[in-house]
């Protein structure tokens, strides 16, 4: 009958099975598997069946060294992962061309909304059903066919669920933020709440270094557009059919709870110290504010952005029945886009598929 030894610390639990009434290994060898406790006062509690006989060796220096080495290795790997993530986001924010290359499917070159059946214009969708592979082109269905065998089912389910709840009817604009931890936090909130489009205006990417990891990699899945001026950004957004709503505490500000968020809207948040610029306030269609119930008269900018986006999602769900509003064709295109962003090998796999497709279509002489 197997008997068990259970080691418990504040950091981990380890269950080991043995086949005899004596323990064929030393406690020191087990301790070497565990990281050292973070505080001096924390110890190790060993729970044994009543008939176990235990003789523990002293906690030797080599055990301490092994534990320290394991902890150092883990800390080093964690720091390395964070630094990699930080470098990616800093590079994106300082290189507009690389931001554009992050988006794989072909994008619309005009800035007008999609055509309705009656010839009018509706909400904006940025992608064409086309992925270029050199001289060849794949549509979204072919991209998915090429990449599907290389993506786990659980990941594909995640993609489908995310796309179902995505929209371009709302987008977020961050203007002139100094604390780039706030930029990262707004990226993360936008992704979590189903916003696909984020615009960054006049950001100094050099200040981003200390806080980029706050985004948790959300920038990989968002459509990020960088602008050098608020005038250029607003002009394009208006041509895409968005109304511009700037956050501002003023007499003419409308409560976010009195707004209809089912209309295509660009939510603009501004600098932590100066707020929205005068130019942005003048060019916007309306000013909105979050009613305050306390002594302070403002939220942290990333908190304000999160509240605004969350309320907009709730309002849209109440009015429309759901937040996500992509058509089946748009959903398929965005699924293809996510699949292409999924891994570094995705592009080469799609290119190989395109080559095979071209070879099959070439007539033999």
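Placed from the backbone N, Cα and C atoms, the Cβ positions cover glycine too.
Among the features that TrEMBL reports, domain 'tRNA/rRNA methyltransferase SpoU type' is placed at 170-310.
Taken together, the residues of the domain 'tRNA/rRNA methyltransferase SpoU type' (170-310) have an average pLDDT of 86. Secondary structure counts, DSSP: the domain 'tRNA/rRNA methyltransferase SpoU type' (170-310) has 53 helix, 36 strand, 52 coil.
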